[in-house]
Amino acid sequence: MKKHNFSAGPCILPQSVFKEASQAVLDFNNSGLSILEISHRSKDFVAVMDEAQALVIDLLKLEGKGYKALFLQGGASTQFLMTAYNLLENKAAYLNTGTWSSKAIKEAKMFGSVEEVASSADKNFNYIPKNYSIPADADYFHCTSNNTIFGTQIKEFPTTTTPLVCDMSSDIFSRELDFSKFDIIYAGAQKNMGPAGTTLVVIKEDILGKVSRQIPSMLDYKTHISKDSMFNTPPVFAVYTSMLTLRWLKEKGGIAGIQKLNEEKAALLYAEIDRNPLFEGFAAVEDRSIMNATFNLKDEKLKDLFEDLVKAAGINGINGHRSVGGYRASMYNALPKESVQTLITVMKELETQA
Ligand code: PMP
């Protein structure tokens with residue numbers, strides 16, 4: 001039986017993508033060759049890379065605006081240092097909204113001075129700080145759009161003339177934003193885009209070339225831009241599967257189409273968390289993420305019963321991250337509404353049995 005998969009990432013992808021990707025492992029484009037055994041410089045793979053990059057720019061509505069989409073390796077974690085390596089000359093401003101922001105700050109400190117403009121560490125990151133100001137002399141401002149672990153999400157980004165860098169690992173392609181406000185957007189593929197193994201970096205080319213330090217080739221965005229993401233062997237399978245997922249998203253009506261579904265799924269689950277007297281939400285209501293819903297049982301004694309019901313319903317991956325505890329239901333783009341309904345049924349069943 002196919003599970004209802006609420007994993008935080010790697011996570012569920014569209015079933016049609018799983019099928020198509022597995023077919024390509026056996027025979028890619030009726031070539032008599034597997035996607036895993038062809039050259040990344042072959043015509044067929046170059047077409048995959050081109051299509052994947054074009055779909056990113058198209059879906060984010062960045063056509064003709066000076067952006068380049070790169071498929072790199074090393075995870076979003078490498079972007080923590082690469083962004084600073086390429087952009088930080090004197091000072092950078094960071095918003096600290098959780099574990100991943102903190103890690104980004106730690107890396108950036110190796111390259112210059114870092115001003116933490118605000119932090120929600122005082123309440124275990126259960127909210128998004130507001131009303132902070134960004135110093136005028138900052139080379140860039142960095143934020144994390146969606147905090148995967150804590151279940152909070154930035155709803156409004158600051159209006160500033162300072163270049164904006166955003167880690168969108170866990171909500172890229174899930175909601176419409178004016179993506180042209182950002183100078184660098186990065187995201188590990190393994191939530192809304194594809195399997196683990198590639199990292200999407202969307203970069204406004206004119207942001208580069210302003211630091212005086214030398215940058216090693218592999219860590220220099222310019223290298224990857226000039227070689228169209230083919231400076232070294234790209235992660236072919238991860239890029240191919242991402243391309244299939246982006247095609248699927250386009251067919252679903254793009255980001256606007258999926259946002260509607262994502263909002264419906266999140267509204268259903270949060271309504272049950274708020275209604276059901278056995279549960280309480282973790283994140284501040286106005287900052288709740290539509291991707292990762294974090295919640296707790298009010299009475300820990302019901303843990304075993306709840307988890308037995310969860311298991312019996314074929315639900316996978318709702319245990320909260322160790323730094324928050326409780327539960328986290330990740331409702332990425334490919335998670336069907338029925339899975340959310342199944343979880344809600346289990347929460348109601350607990351109320352009946354408790
Ligand atoms: N940023 C965010 C918001 C994340 O959720 C994650 C991983 N879950 C990371 C960064 C780190 O990504 P990676 O494992 O690809 O380095």
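A Cβ is built for glycine as well, from the same backbone N, Cα and C atoms used for every other residue.
Annotated pyridoxal 5'-phosphate binding in TrEMBL involves Ala76, Ser77, Trp100, Thr148, Gln190, Asn232, Thr233 plus, out of the candidates Asp58, Asp122, Asp167, the residue Asp167.
Note: the Cα of Arg41 (L-glutamate binding site) and the Cα of Thr233 (pyridoxal 5'-phosphate binding site) are spaced 9 Å from each other.
The predicted model assigns the domain 'Aminotransferase class V' (5-343) a mean pLDDT of 98.
Among the recorded positions Arg41, Thr148, Asp167, Lys191, Asn232, the residues whose Cβ sits under 6 Å from any atom of ligand 1 are Thr148, Asp167. Between the CA atoms of Thr233 (pyridoxal 5'-phosphate binding site) and Lys191 (N6-(pyridoxal phosphate)lysine) there is a gap of 23 Å. Just so you know, of the binding-site residues Ala76, Ser77, Trp100, Asn232, the Cβ with the fewest other Cβ atoms around it within 10 Å is the one at Asn232.
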